[in-house]
There are 2 protein chains.
Amino acid sequence: MREYNVAVLGATGAVGHRLVEQLELSDIPVKSLKLLASPRSAGEKLFFKGEEITVEVAEADSFEGIDLVLASAGGSVSKKFLPEAVKRGAVCVDNTSAFRMDPEVPLVVPEVNADQLQNHKGIIANPNCSTIQMVVALEPIREKFGLNRIVVSTYQAASGAGQTALNEFYQEAQDYLAGEEMQSNIYPTASDKKHYPLAFNLLPQIDVFEEDGYTHEEWKMIHETKKIMLDDMDASELKVTATCVRVPVAIGHGESVYFEINDDKATVHDLQAALTKAPGVVLQDSPSKQVYPQPIEAEGKRDTFVGRVRADSENPGAFHLWVVSDNLLKGAAWNTVQIAEELVKRDLVRVP
Amino acid sequence: MREYNVAVLGATGAVGHRLVEQLELSDIPVKSLKLLASPRSAGEKLFFKGEEITVEVAEADSFEGIDLVLASAGGSVSKKFLPEAVKRGAVCVDNTSAFRMDPEVPLVVPEVNADQLQNHKGIIANPNCSTIQMVVALEPIREKFGLNRIVVSTYQAASGAGQTALNEFYQEAQDYLAGEEMQSNIYPTASDKKHYPLAFNLLPQIDVFEEDGYTHEEWKMIHETKKIMLDDMDASELKVTATCVRVPVAIGHGESVYFEINDDKATVHDLQAALTKAPGVVLQDSPSKQVYPQPIEAEGKRDTFVGRVRADSENPGAFHLWVVSDNLLKGAAWNTVQIAEELVKRDLVRVP
């Protein structure tokens, strides 16, 4: 059996730690593990299968002899280092937005489009967290009934902005409860000019704004959903629009998904039946027993939880879903490792 | 000038306190104020214009000599006492759901349908909090461009469930931050069987479920919106569907509102212009300056804050809004007192 020399680029931070953890839990035969980060984070020590590993400074030559790279150190870091890694023979699964919309790069959610992996040229992109859980929930429905329109409103957790942001959020919450003023230096997004508290608040801005009034996050959901669900089909076959809101929850994104299918006869029961059989989906949908997805229940789990399947009583073929998943696992670290597992299973850990 | 003997039914609690406060700030000439509540809450003392008033136990005879009743003590209390008050000549503005869908009872948001007040037969209903702020934002758009469809996802604050629930929410947040287990006895709704923590969580249940999987809160938004915006028009002219979610915010509901107008040529700028002129609306919509509505900014204010006006790029005539308002003020106490102000202004404080 082939064993792999693996590197994690961006090993520190909320997603980085979980990448190492999910890799340890995975089926991937790891021969060696190298942990890489910026000079600022190098020196930190992490455990992998009982062995202590020191995080090293990432350089182009760090990827010599590496077979598989899992990257989550920011878009500019991926842009700089992943082509270097590919040049040295490594296949890279990238959790940043750097290559997602590159037509040469497969954008993969294994439950939806694992077959796209065979087209990789060295880099495979992991989608945005809010996109992943939505397509996992909608793909079994699209497959069976067709799908022509999505209107999604997100309820995205604090940890989506990273570990430092999450720490700021906890501090804000503590200050608020103590009756003190909240100090905000990160939310809604570190890279923008103004900062607002997230604790006990709602921030309808994730990432920066584009000229048209949409945020990057909203456009990511729109473009990535089409790329993942439609493969080579016409992008106009599925209309997608999104509103992304950061909410004062630590871990676990919620999504209120409204959608229209091509089958006007399908019932809520039909949709639930399709979801019950769907890979990666756990149907939690029993209103009479108050069973529905909640972030505090989803935390630490790999699945996408789906509930509140309801028909729009006035628009035939239109339905609602409520979708929750751990944004750091299925939304990031687990989906990345899951892609790597698929690459291993299909013997695709080689640069073509 | 006529002066009024006023009674507040349900004077204790989150909305009750604000009813007294908003009445004090209002233009209504108050001759006397009687504060009424259940035996459990009687005895509490509140200040009104510098005078201390003791809360009395509500009985049918409490309404003798009263001209105007502001009620917020729960549906069953309103059902029991308001007909008694009307019998004794008092006009009642009711903040419960008891009479909202009664065809004989006007359901009023003054910015939208104040003219309905002239049809009252003694009772006027105040709509549900989440409905009010949405119709305030959408009415100026409906008036100018027509409106045929609404898909709303709410982000509703903890205080919508009342003061005791809000206290539980704060306690949960404190326990969570201290690493202790959260004790939940109220959320999602006191009257249902199971209870879940709201702090650092999302609860896609507000009020109890109906057979079709919708919650009462969702049906309230659908039915009330049609009654308020359409008056005597055909309810099928405006399609409304809703998903209501409780979020860990103390005060201030957020709403992601997606809607379709009848005018395919209208632009974001046209909609913003209509909103700028609209009564009760404050447009906060400058993405490049990161200006958008936030609950912590809306708290304590009477206005409805609207921002993130955006066009759906793939569906002509379809748009997004993000709407925030203080659910205890415009969503409850202020709208109730505002209705009373309108009744006074129109000399309608008399049972016909």
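Keep in mind that glycine also has a Cβ here, set from the backbone N, Cα and C atoms.
Bear in mind that TrEMBL entries carry predicted annotations, made automatically and left uncurated.
TrEMBL annotations:
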type: ACT_SITE; residues: B:C129; note: active site, acyl-thioester intermediate
type: ACT_SITE; residues: B:H253; note: active site, proton acceptor
type: BINDING; residues: B:T12, B:G13, B:A14, B:V15, B:R40, B:S41, B:S159, B:G160, B:N327; note: NADP(+) binding site
type: BINDING; residues: B:R100; note: phosphate binding site
type: BINDING; residues: B:Q156, B:R246; note: substrate binding site
type: DOMAIN; residues: B:5-120; note: domain 'Semialdehyde dehydrogenase NAD-binding'
Residue among recorded positions B:R246, B:H253 with least C-beta crowding, 10 angstrom cut-off: B:R246
Nearest-integer angstrom distance between the alpha carbons (Cα) of B:N327 (NADP(+) binding site) and B:C129 (active site, acyl-thioester intermediate): 6
Cα proximity to B:T12 (NADP(+) binding site), best match among recorded positions B:R100, B:C129, B:Q156, B:R246, B:H253: B:C129
B:T12 (NADP(+) binding site), number of other Cβ atoms within 10 Å: 23
Local confidence of the prediction over the domain 'Semialdehyde dehydrogenase NAD-binding' (B:5-120), expressed as mean pLDDT: 97
Sequence-distant neighbours of B:A14 (NADP(+) binding site) in its chain (C-beta under 8 A, six or more apart): B:S159, B:G162, B:Q163, B:L166, B:L328
For the domain 'Semialdehyde dehydrogenase NAD-binding' (B:5-120), residues assigned helix / strand / coil by DSSP: 40 helix, 32 strand, 44 coil
Candidate with the highest Cβ count within 10 Å, taken from the binding-site residues B:Q156, B:S159, B:N327: B:N327
By Cα-Cα distance, the member of recorded positions B:R40, B:R100, B:C129, B:H253 nearest B:Q156 (substrate binding site): B:H253
Whole-number Å value for how far B:R100 (phosphate binding site) lies from B:H253 (active site, proton acceptor) (Cα to Cα): 21
Cβ packing number for B:R40 (NADP(+) binding site), 10 Å threshold: 8
Spatially closest candidate among B:R40, B:R100, B:C129, the listed recorded positions, to B:R246 (substrate binding site) (Cα to Cα): B:C129
Where the residue listed as 'active site, acyl-thioester intermediate' falls in three-state DSSP terms: helix
Rounded Cα-Cα span from B:R100 (phosphate binding site) to B:R40 (NADP(+) binding site), Å: 27
In the chain carrying the residue listed as 'phosphate binding site', residues 6 or more apart in sequence that have Cβ under 8 angstroms from it: B:L107, B:A125, B:P127, B:N128, B:K220, B:E224, B:K227
